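**Student:** Sharing a structure, written as C-alpha cells. Questions coming.
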C-alpha cells in the first residue's frame with residue numbers, strides 16, 4: 001500500500017493543531033479558575049492577563065464553567081473522578097467535565113484527556129441524570145440556582161457587523177446561505193429577532209451592515225471572523241460610530257479606543273479615507289486594538305498610548321478634527337458578560353461611581369474644547385444615571401451656548417432619563433427594551449459651525465438603512481470559499 005494522500009495528511013495535521021489549541025484553552029481556563037479561587041484577581045482580570053490568544057473564547061468557557069460550578073462539583077464527586085484519576089487537578093477536571101456534559105463535547109481523538117474521559121463518560125452522564133431526577137428537573141439550565149439562571153440577557157441575539165472595508169452585506173449573506181444558514185430578510189420588529197432559532201438569521205432593521213443570529217451563536221472560529229470580514233459587536237455598541245457618521249475624508253478622534261470595535265467601525269464609515277486619532281492609556285489593550293485593526297484592514301488610524309486628557313486641542317495635528325467619539329472607562333454595569341456570565345457581580349460603591357463620573361465629565365468637557373469640533377458622541381456601557389445623563393448635563397452647563405443635544409433616532413424605544421430638559425434626546429438600551437446590552441449614547445452638536453468649517457460641510461449626514469439583500473428563491477450554485485476570502 002502507498003503512503004497517505006497529501007490531502008489526508010493535511011487534514012490530520014489541521015485536526016491535530018485544532019486539538020492542541022483546545023487543550024491549551026482548557027489548561028488556561030483551569031488556571032483562571034484556580035486564580036479566582038485563591039483570590040489572585042477577578043475572573044475578567046485573570047482572563048485578560050493570561051497569554052491565551054483568544055481571550056473571548058477563554059472568558060466564555062471560564063464563565064460557563066463557573067456558572068455550573070456547584071453542579072459540576074456534585075457530578076464529579078458522585079462519579080469519584082478525582083479519586084480514580086490522582087493526576088487530574090480539580091479545576092481542570094471541572095473544565096473538562098463541563099465540556100463533556102454541557103459544552104461542545106469531545107469528538108475525534110480529543111487530545112490527551114480523551115482516553116481518560118472515555119473511561120468515565122458513562123458514569124459522569126449517569127450522575128448528571130441522577131442529579132436531575134433528584135431535583136425534579138429535565139433541563140440542564142434548571143439545575144442552576146436562582147442567581148445563576150439566565151434572565152433577559154440570555155435572550156440577546158448574536159449581532160455580527162459586516163466589515164465593509166473587506167466585504168459587503170450581500171456577500172456575507174450569500175456565504176452564510178452556502179453554509180446552510182437560512183436568511184430571513186430584514187427584521188421588521190423585535191418579535192422577529194426574538195423568534196430566531198437554529199440556523200436562521202436576519203438583517204438588522206436599523207444598521208444595514210449588521211446581521212442578527214440566535215442568542216449564543218458562536219462564530220469565534222468562523223473563517224470570516226478570523227479573516228476580519230466580520231466583527232462580533234453588539235448592536236448598541238454600533239450606535240456611537242453610526243450616529244457620529246463622519247463622512248469619508250474627515251479627521252476623527254477616538255478618545256478611549258480599546259478594544260477597537262468602534263474604531264474599526266469608524267474606519268469602515270470613512271472607507272479608510274481621512275484620519276482617525278485613537279488614544280488609550282493601557283499598553284496591553286492598545287496592542288490588542290492594533291491587532292484587531294490590522295485584521296480588519298484599517299489603514300487610516302494612528303494609535304497612540306496616551307491619556308486623552310493630556311492631548312492638547314491647540315496641537316496643529318488636530319486642527320481639522322470635527323468629530324470625536326468618547327466612550328470612556330465606566331462601571332460596565334450594562335455589559336452582557338456581567339449580566340449573563342457573572343450574575344453575582346455586586347453594584348459599584350458610590351465612591352467608585354463618583355470617581356468614574358468625575359473622570360467622564362473631565363473627558364467630555366475636554367473633548368468639547370477642540371476648536372473645529374462640530375459633532376461628538378458620548379457613550380458608556382453603564383446603566384447608572386451618574387455616568388450618563390448627569391455627565392452630559394454637567395458638560396452642557398459648562399458650554400450652554402456652544403453645544404446642544406442632537407435629536408436622533410426618534411423611533412428608538414428607550415430614551416434618556418428625564419433628569420433635565422432635552423434628556424429625551426439621549427438613547428438608552430437594555431436586554432429588556434432593545435434586545436441588546438445595556439448602553440447609553442448622547443450626540444452633542446455645535447450650535448454654530450466654526451468659521452474654519454465651510455457651510456456646505458455643516459449638516460451631518462442622515463442615517464438611512466440601505467436596501468436589504470433579497471431572499472433569492474433560486475439557490476446559487478455552491479462555490480468553494482477561498483482560503484483567504486479576498487473579496488469576501
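For all residues, glycine too, the Cβ spot is worked out from N, Cα and C.
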**Student:** Which one of these stretches, 413-450, 451-488, shows up in TrEMBL as region 'Disordered'?
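**Tutor:** My reading of TrEMBL: the region 'Disordered' range is 451-488.
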**Student:** For the binding-site residues 256, 258, which one has the sparsest Cβ surroundings, going by other Cβ atoms within 10 Å?
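**Tutor:** Counting other Cβ atoms within 10 Å of each of the binding-site residues 256, 258, the minimum falls on 256.
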**Student:** Across the domain 'SAM-dependent MTase RsmB/NOP-type' (148-447), what is the average pLDDT of the model, as a whole number?
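**Tutor:** Mean pLDDT across the domain 'SAM-dependent MTase RsmB/NOP-type' (148-447) comes out at 93.
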**Student:** Which residues of the same chain, at least 6 positions away in sequence, have a Cβ lying under 8 Å from the Cβ of residue 260 (S-adenosyl-L-methionine binding site)?
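**Tutor:** Residue 260 (S-adenosyl-L-methionine binding site) has long-range Cβ partners 278, 288, 289, 290, 292, 293.
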**Student:** Record lists 256, 257, 258, 259, 260, 261, 262, 280, 307, 327 as binding S-adenosyl-L-methionine; longest Cα-Cα distance in Å?
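**Tutor:** Farthest Cα pair among residues binding S-adenosyl-L-methionine: 19 Å.
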**Student:** How many whole Å apart are the CA atoms of residue 307 (S-adenosyl-L-methionine binding site) and residue 381 (active site, nucleophile)?
**Tutor:** 20
**Student:** Within 10 Å of the Cβ of residue 262 (S-adenosyl-L-methionine binding site), how many other Cβ atoms can you find? Include all protein chains, please.
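**Tutor:** Other Cβ atoms within 10 Å of residue 262 (S-adenosyl-L-methionine binding site): 26.
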